[in-house]
Amino acid sequence: MSSAHYQALEPQTSDEDNEDIERQHHQSHSRSSTTSATNATHPPHPPHPMVRKGGVARRRCLLPLVAVALLFVAFCYFSLSRDPRLTSGLGGGSEDSEEASHHGLDGMNFRPLNETVHICSESYEDRRQFMQDKPQADYGQLPVIYFVTPTYPRREQIPELTRLAHTLLHVPRLHWLVADDQEKCNGFMDTLLHRFGIPFTHMVSPMPSKFRNEKPAPRGVANRRAALQWIRQHNLTNGILYFGDDDNTYDLRLFSEIRKTQRVSMFPVGLIADYGVSGPVVRKGKVVAFLDSWVAGRRWPVDMAGFAVNLEYMAQYPYVNMPYKPGYEEDLFLRSIGLQMNLIEPRGNNCTEILVWHTQTKSKKLGIVRLESKYLDDRSNLGALLHNLKLMGVTSTTESEGRDALISKNGREKPHSRILS
């Protein structure tokens, strides 16, 4: 993520900053004491009576103005001194301390989720008989991974989900939560998800309209919030939560690693921003810091694909949240579950291996094929093919826009009537 796109949070005041403030206050007090002693030794000359009278009059005129100014300063102080993240449900405050206690985060810091979860279709049946050369029954004791995939309508959506599904087909004991950023259910996607045979829940969770015109917009937040609400509604406390985007590339070893998560596990993610990587810094088997090219006041500067959470641990925090703040989704989510540095479990061979890559497909606008509707019947495959591509959101047909579709034979363009009639 580029620093040009996001505005950094206000930095937290450190102990060193507090010491500087106290030192400045002490020096100011010393100067005041010196001035008082000088005045006691050499008292100032009394002012002229006329000057005293005029000064009193001026002071009386200024008193109301001074009072108003003091009230204004006090109002600004109390308004600005409050952490704005608290009032917007973003958290902040005591959890920013390294010594924040388990109860340092409560309902006063984070608002409860209130997403409306609209289920399009779901299946709890695992129709896969074999995974990684073993029968399904051999994996019965493993904790379930709840793999949350936010997605949105675009030309590449169905191809991305298809590619991801063929990775997840090899992962036992997994429930795929696919949250689509649109108002209505996509019937083609329902059919596609059923076809894979993986246990899944397909839901729609559109981004609130007030955020759609923001630059950058908080993409994927409404989807993940809906998935978190679904987990809470089902009272799930046994399993692992992982946020997996539809365009990432996953090593199968990742799933074995995150399945061992006791509280929160972390691991590096490849192809992130300027460094090409984002992840924890580990010393003597403990996470001590983070490597990321965009810090911007984030206590947990990690990628969404770079951590997993045990649901039993997350259940201890009733106000788990992911606020609509672009660039800070991961950081504020992890704050909402009371994460502390000593709770983090480094994975991926002490964070020396890349098990997930932040690959991105180049997005293009919707394709358009100009072809008369009379040629889209069953005399050729084109009618059914273009109909399926339209359902996938890949292309559309028209009889009036753009140039006629090219149909060729032996290296030469041929009239539609000659081939399709």
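Backbone N, Cα and C define each Cβ position, glycine as well.
Remember, predicted model here, so these are calculated numbers, not experimental data.
Around Glu330 (active site, proton donor/acceptor), the same-chain residues six or more apart in sequence whose CB sits under 8 Å from its CB are Arg298, Trp300, Val302, Asp303, Met304, Gly306, Phe307, listed in sequence order. Taken from TrEMBL, the feature active site, proton donor/acceptor applies to Glu330.
Look at TrEMBL and you will find Asp247 tagged as Mn(2+) binding site.
The feature compositional bias 'Low complexity' is assigned by TrEMBL to 30-42.
Summarising the environment of Asn350 (N-linked glycosylation site), the number of other Cβ atoms within 10 Å of its Cβ, over all protein chains shown, is 15. Summarising the annotation, TrEMBL assigns N-linked glycosylation site to Asn350.
Residues or ranges marked as region 'Disordered' in TrEMBL: 1-53 (among others).
The region 'Disordered' feature in TrEMBL is assigned to 87-108 (among others).
As annotated by TrEMBL, region 'Disordered' applies to 402-421 (among others). A Cβ distance under 8 Å defines the sequence-distant neighbours of the region 'Disordered' (402-421), meaning residues of its chain 6+ beyond its ends; these are 368-372, 375, 379-380, 382.
If you look up TrEMBL, you'll see 61-80 marked as transmembrane segment.
In this structure the C-alpha atoms belonging to Asp247 (Mn(2+) binding site) and Asn350 (N-linked glycosylation site) are separated by 25 Å.
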